[in-house]
Structures are given as structure tokens and as C-alpha cells.
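Features of the protein shown, as given by Swiss-Prot:
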type	residues	note
BINDING	His111, Trp116, Leu244, Val246, Ser252, Arg254, Val255, Ala256	tetradecanoyl-CoA binding site
COMPBIAS	15-32	compositional bias 'Acidic residues'
COMPBIAS	46-57	compositional bias 'Basic residues'
COMPBIAS	61-72	compositional bias 'Polar residues'
REGION	1-77	region 'Disordered'
Amino acid sequence: MAEDSESAASQQSLELDDQDTCGIDGDNEEENEHMQGSPGGDLGAKKKKKKQKRKKEKPSSGGTKSDSASDSQEIKNPAIPMQKLQDIQRAMELLSTCQGPAKNIDEATKHKYQFWDTQPVPKLNEVVTTHGPIEPDKENIRQEPYSLPQGFMWDTLDLSNAEVLKELYTLLNENYVEDDDNMFRFDYSPNFLKWALRPPGWLPHWHCGVRVSSNKKLVGFISAIPADIHIYDTLKRMVEINFLCVHKKLRSKRVAPVLIREITRRVNLEGIFQAVYTAGVVLPKPVSTCRYWHRSLNPRKLVEVKFSHLSRNMTLQRTMKLYRLPDSTRTPGLRTMGDRDVKQVTALLQKHLSQFHLRPVMGEEEVKHWFLPQENIIDTFVVEGSGGMLTDFISFYTLPSTVMHHPLHKSLKAAYSFYNVHTETPLIDLMNDALILAKLKGFDVFNALDLMDNKNFLEKLKFGIGDGNLQYYLYNWKCPPMDPEKVGLVLQ
């Protein structure tokens with residue numbers, strides 16, 4: 001946002017009156033940036049957090065405890081009542097514990113969730129044993145968009161327009177999810193965005209943007225796509241919320257809350273009142289918590305960009321040998337999925353997913369969209385047995401990350417495990433072939449969550465555990481929490 005007019009607009013306060021604003025968390029806009037259906041904030045594997053340097057405190061001349069300074073200050077400043085000082089101290093302690101989004105349950109219990117406390121979601125400390133909506137479906141839904149402050153405007157993004165698609169790509173590429181050390185940022189390609197945002201049943205007004213009125217620069221975005229989701233024994237028409245992004249120069253200016261409220265209004269107008277989403281931070285209240293695992297395919301590059309590090313007593317050469325893969329796959333009948341396979345893949349997928357508590361329901365149109373291979377977007381391979389019968393399939397999608405601040409490497413090509421079904425071939429053999437195929441296609445790392453059956457192969461195939469979780473959430477629906485192996489839903 002370099003232009004003068006744009007900079008001026010960005011300085012305007014986005015604080016709206018109560019009737020026109022909302023927030024995922026009214027205290028922390030950064031938390032809002034982490035609410036997404038994408039693979040969380042765990043872009044780096046097993047990286048240690050940078051230690052904050054602390055200045056050493058000089059001992060007092062009297063050899064008393066370090067907090068004696070505050071005691072003496074109370075004596076030296078009789079105009080400040082002790083109660084006031086204690087209030088200030090408590091406020092400072094509260095600030096120190098609540099700065100930044102909560103990464104785990106312990107941090108979350110100390111966090112204030114002003115927005116979520118008003119929303120139809122379970123409280124963090126609530127023990128949920130029932131199933132069903134938290135609020136009934138609304139009958140009277142606001143017809144007009146929520147108001148934005150002067151200088152900003154709503155815009156429904158037409159992703160069939162190449163220029164608009166490029167604008168969205170640029171916004172996400174420069175402002176979307178980064179790892180904790182600001183070394184990697186997701187790099188969704190324009191064609192990937194069209195794939196992720198235009199499945200069967202998509203609606204154009206669910207691609208919700210915010211622009212600067214003066215120069216029409218895109219500075220905010222949120223999306224919803226329709227999905228039929230099974231939650232335990234209940235089938236609900238929902239939306240998947242994804243790609244919530246606000247320009248960095250507008251952070252802490254209450255843009256994300258308005259985006260959330262507006263997409264909720266637009267979804268409600270279509271008669272849908274439940275949503276599913278994922279986040280790398282802890283909000284009230286996760287229905288499940290999964291962990292990312294990473295399998296090195298190009299160890300040299302991963303070490304050079306500090307995505308991973310050499311283990312103790314391991315040289316680079318030994319590490320490369322450890323992760324070396326065969327040059328060809330081993331499963332007989334393994335081939336690329338084609339149009340003729342859609343019907344059988346749909347049947348395999350539906351039967352496989354029926355064992356999980358949280359799962360999508362996909363017909364042939366959805367399977368055709370999500371699984372038919374597209375270069376640098378989605379790869380699917382099927383195993384064809386005798387008589388043309390399909391027995392298994394594997395799939396993974398492509399999501400590179402921009403490597404920041406590195407003189408040589410600018411991008412990290414990552415494969416993300418999507419849906420894998422096995423009936424004849426052992427899962428570990430299928431996934432080993434998936435690693436080989438990804439390596440042959442030039443991927444640097446293969447990522448997988450520990451959901452569905454994935455725990456059966458992660459350690460055996462030399463995946464390393466990542467340093468972040470991915471929480472699954474339901475909006476306006478309560479149900480008992482579930483273990484990762486009962487989650488059968490993967491969001492981009």
C-alpha cells in the first residue's frame with residue numbers, strides 16, 4: 001500500500017458502532033488471520049522458537065529480593081495508592097499472557113475471547129455431550145451488507161476475470177499465513193484458488209472482498225464454499241470458511257470482524273446456518289486437534305532454508321541417504337486417475353469415509369472436481385486390479401510456500417496428503433509410492449495430518465512431527481470432541 005491515497009485510507013479507524021461490527025476475537029486481529037481452512041500455521045518442521053533475550057537485573061545493594069524495587073516505589077510515591085499499583089500490575093500480567101493468539105489449550109485458558117463469548121460455539125471449558133445446533137435457524141436475516149467506514153467498499157470478486165484473480169493471488173501471497181518465525185508464507189497459485197473456491201454449487205457472492213474506495217486496491221477477503229458434512233450421525237448442509245486475509249497495514253483495525261459478519265450474513269441468506277473451518281490457533285472450541293507431520297524429499301534444500309535441521313550426530317550426507325527413495329513405484333496397476341474412474345473412486349471414497357465422525361459427502365460431481373488431476377494443483381493415482389476394478393487410490397495437492405530472506409531459494413514445493421483409500425494394497429505401500437511420485441514431480445516435502453488412518457504410516461515412512469497443531473471447528477453446532485483418527489475431512 002505505497003500510494004499516498006491508499007496510505008491515508010489505511011489510517012482510518014475501522015472501529016464501527018456495535019450494531020455494525022463483529023469479530024472472531026475482538027482483542028486480537030492476528031488471531032483472525034489464522035482462521036482458515038488451509039493447512040494451519042505449521043509451515044516449518046521442528047523449528048525451535050527464537051528465545052527472547054532478557055536483560056539481567058542488577059541485585060540491589062541491600063541484597064533484598066528483586067521485587068523490593070516495587071515495594072520501595074510504593075513508599076516513595078505515597079500519592080499512588082497501593083490498590084492502584086496492584087491494579088496496574090494485574091493489568092500488565094494480563095497483557096503479558098494475552099499478547100498474540102493462543103497456540104495451545106493452556107494459553108487459551110488465559111485468553112479473553114470477547115467475540116466468541118457472544119457466538120453460537122461451545123465455551124472452552126464446556127463439556128459437550130449432546131449433538132445439535134446451538135441456535136435455531138434465523139427467520140429474519142439482514143438484507144443489506146454491513147457498513148464499512150468511509151474510504152472502503154465491498155466487492156464481490158469475479159474469479160473468472162484474470163485480473164481479479166491475480167489481485168487475490170497477490171493479496172494472499174503478500175499477507176496470508178506465515179510460520180511463527182516469518183520465514184515461509186503460503187503461495188496459493190491463481191489456478192489453485194479457482195480449484196479451491198469454485199467447487200460444484202459455489203456462489204459468486206461468497207467470494208467477499210474489501211477494497212480501498214479511492215484506488216480500488218484489494219485489501220481484504222474471505223470465502224465460503226458449500227459442503228455436505230456428516231457430524232457423527234447427522235448430515236448437514238454447511239459451508240467451509242477459508243482464506244480470511246487482511247492486508248498487513250490494516251491489521252488491528254477491525255477489518256476481519258466485519259468480513260466474518262458479512263460472510264455469515266451472505267451464507268444465512270442461502271438458508272445455511274452451520275460452518276466448518278480450521279485454524280492454527282486455539283479458539284472456542286475445537287471439535288478436534290490434529291498435528292502436521294513432514295516427510296523430507298529434498299533434505300539438502302530443507303536444511304538450507306531452515307525448514308528442518310540436522311539431527312545430532314547426523315551429517316547432511318547421512319540425512320540424504322536416510323530419506324532416499326526408489327526411482328519407481330512398486331504397486332502393480334498404479335496409474336493416474338482419469339475421467340472414466342470417477343464413478344469407482346466415488347464409491348470407494350464414500351465407503352471409506354463412512355467410518356469417520358466428521359466427514360464430507362461427495363457425489364460424482366464433487367469427486368470429479370476435487371480429484372481429477374490438474375498440474376500443480378491436485379494429483380490422484382488409482383490402483384486398477386483385474387477386470388478394470390479399482391481397489392485403492394491416493395491423492396495429494398500442491399501448495400508451495402514462499403521462502404523469505406534466502407539468497408538462493410525462493411520457493412518450497414510442498415505436497416499435502418488429501419484422501420487415501422486402501423482395500424487391497426497395504427496403506428504403507430500406497431503412501432510409499434505417493435512419496436516416490438511426489439519426489440519424481442519435484443516436491444521438496446510431503447506433509448500429512450495425523451487424521452483418518454494416517455498414523456499407521458507416519459513414523460514407519462520417516463515422517464517427522466511438526467511444531468504446530470491444526471484445530472477443527474464447527475460454527476453453530478455442538479457435539480462431543482473426537483480424536484484425530486476419527487476426522488475424515490481435509491480442507492485446503
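Each residue, glycine too, has its Cβ placed from N, Cα and C.
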Quick one: what's DSSP say for His111 (tetradecanoyl-CoA binding site), helix, strand or coil? coil
Counting across all protein chains shown, how many other Cβ atoms sit within 10 Å of the Cβ of His111 (tetradecanoyl-CoA binding site)? 22
I want to verify one value. Collapsing DSSP to three states, which class is Ser252 (tetradecanoyl-CoA binding site)? coil
10 Å Cβ neighbour count around Val246 (tetradecanoyl-CoA binding site)? 28
